[in-house]
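Swiss-Prot has this to say about the protein:
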- LYS122: active site, schiff-base intermediate with D-ribose 5-phosphate (ACT_SITE)
- ASP65, GLY194, GLY255, GLY276, SER277: D-ribose 5-phosphate binding site (BINDING)
- LYS206: D-glyceraldehyde 3-phosphate binding site (BINDING)
Amino acid sequence: MRLYELSFDEVERFFYKLAELRDTVKDSGLMSYVPELVSLTGQVQGTTRVKHAFPIFQKGGVVMDVTSVEQAGIAEEAGAVSVMVLDKLPYDVRKAGGVARMADPKIIEEVMNSITIPVMAKVRIGHYYEAKVLEALGVDMIDESEVLTPADEEHHINKWEFKIPFVNGARNLGEGLRRISEGASMIRTKGEPGTGNVSEAVKHIKIVNQELRALLSMAEEDRVKKSRELQVPYELVELTVKYARLPVVNFAAGGIATPADAALMMWLGTDGIFVGSGIFKSEDPLERAKAIVLATAGWEDPEIVLEAQKMISEHKAMMGIDIKTLKPEELMQVRGA
């Protein structure tokens, strides 16, 4: 199987044409044509090109963790491109301890029925059947997430077997490429979830960028050796060199709590932002959500980020956690390397 059939631009053009066709049918009022459109999307659902096109539509946006219909409504009002449904926010997962599993399907379904933006949900690393349940439920994307307690300490889900796109976390180039080789359509550069501390996310995107620069400077024979070292197909390494970046959409996640945090991660080269506890563990969730969306979209202009930062109060931010105070066994980022 070829991992990739199209370039980013080609995938984007394909998906936009599909969206334009959908809008034309809707605007025409000729509802008899809608079944034909549904049939068309059904034929292409699950192909490599479509699974990689969905994350492209999220680029430049913010995905927000939610645990209820009310929070999902706030996220949509604030301008989130998608929501991620889970049972507890990462901060609460950390405090509660025990085993963290996927959210109640009834809650996920309620969220899906209450908003118009895409809905994602988390599964435990390696838990094939939690993923199958979410695929049957009809969510838009699955996050095989280190925030939940891993079901398999050694292996991730073989994502090629699913029609639905997956996102996975990574702390370095090797982890990212291994997840892509398993079928991930999107990568999250890992931070330390539930801390409100962006330092680990910063560290890991810098590692990815540094390792990418090293890969680009290698001779071909050295890249062959590197692919063996990273345990990924050589073709995937060559595709990474061709694009001079991870060959899928790469968002930042973990510890992002302010508009400036989001702008920093965009400046460092990510395509968008996941926000976990930073919004709904604050005392000003709607204002903070709007501010982070604004800063993510306008990160190239410091005046816009300043405007976003003025929309919130530091006194209302979530109480952060100094990562240096966490024990090694308390770190979530190390799960699923």
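Keep in mind that glycine also has a Cβ here, set from the backbone N, Cα and C atoms.
Listed in sequence order, MET84, VAL85, LEU86, MET102, ALA103, ILE142, ASP143, GLU144, SER145, VAL147, LEU148 are the same-chain residues at least 6 apart in sequence whose CB falls under 8 Å from the CB of LYS122 (active site, schiff-base intermediate with D-ribose 5-phosphate). Packing around GLY276 (D-ribose 5-phosphate binding site) is summarised by its Cβ count: 29 other Cβ atoms lie within 10 angstroms of its Cβ, all protein chains included. A strand conformation is recorded for ASP65 (D-ribose 5-phosphate binding site) in the three-state DSSP classification. The separation of LYS206 (D-glyceraldehyde 3-phosphate binding site) from SER277 (D-ribose 5-phosphate binding site), Cα to Cα, is 23 Å. Across the structure, LYS206 (D-glyceraldehyde 3-phosphate binding site) and GLY276 (D-ribose 5-phosphate binding site) are spaced 21 Å apart at their Cα atoms.
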